[in-house]
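Contents: one structure, followed by commentary.
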Amino acid sequence: MSFAMLRPAAGRYLYPEISMLSEDEENGSESSGSDEKPFHLDADGFGIKAGKRRSGKKAGRLHREPRQRHTANARERDRTNSVNTAFTALRTLIPTEPADRKLSKIETLRLASSYISHLGNVLLVGEACGDGQPCHTSPAFFHHGGGGGSPPPRDSENSQPKQICTFCLSNQRKLSKDRDRKTAIRS
């Protein structure tokens, strides 16, 4: 006696009239909450004539969806291009060291925020700060109208490390380079 091993044929070959529902068709019916995909059985699969054929509606949707997708992709490309152009413009306004340093988007935003704070301090302090670092002026300067109050106690000054403003530091380096050049020229 001989036995033959048969593999089961794929369902799409045995039952070509059964197809998966698209997301639009699926959303029109109630969901059972399971992850199973519902199936659709064409009426002509059993020899029953249906009054309305779905293929015409489906074919129209297939032509419309790529066009909508292309326009959505074009809008997204335009939006991304606009955002990148704005970041490029912002990068040109922020001083960096070295000057040709490439900044990421998050670095650009953080440096822009820091630079705005620095410029605000420069406007508040003005030329009253002699060391070229308006961001390091003590809080008493701001509260008492120009440093007329007593300086803060030494203990509180030494308890926390001094914060360094990148832009003040950069400005201070430029000033010291200028002084060094002037000194070298005079010598």
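Quick reminder: no glycine exception, Cβ is built from N, Cα and C everywhere.
As recorded in Swiss-Prot:
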- 21-83: region 'Disordered' (REGION)
- 34-43: compositional bias 'Basic and acidic residues' (COMPBIAS)
- 50-72: compositional bias 'Basic residues' (COMPBIAS)
- 67-119: domain 'bHLH' (DOMAIN)
- 140-163: region 'Disordered' (REGION)
Secondary structure tally of the domain 'bHLH' (67-119) (DSSP, helix then strand then coil): 42 helix, 0 strand, 11 coil
PLDDT averaged over the residues of the domain 'bHLH' (67-119): 93
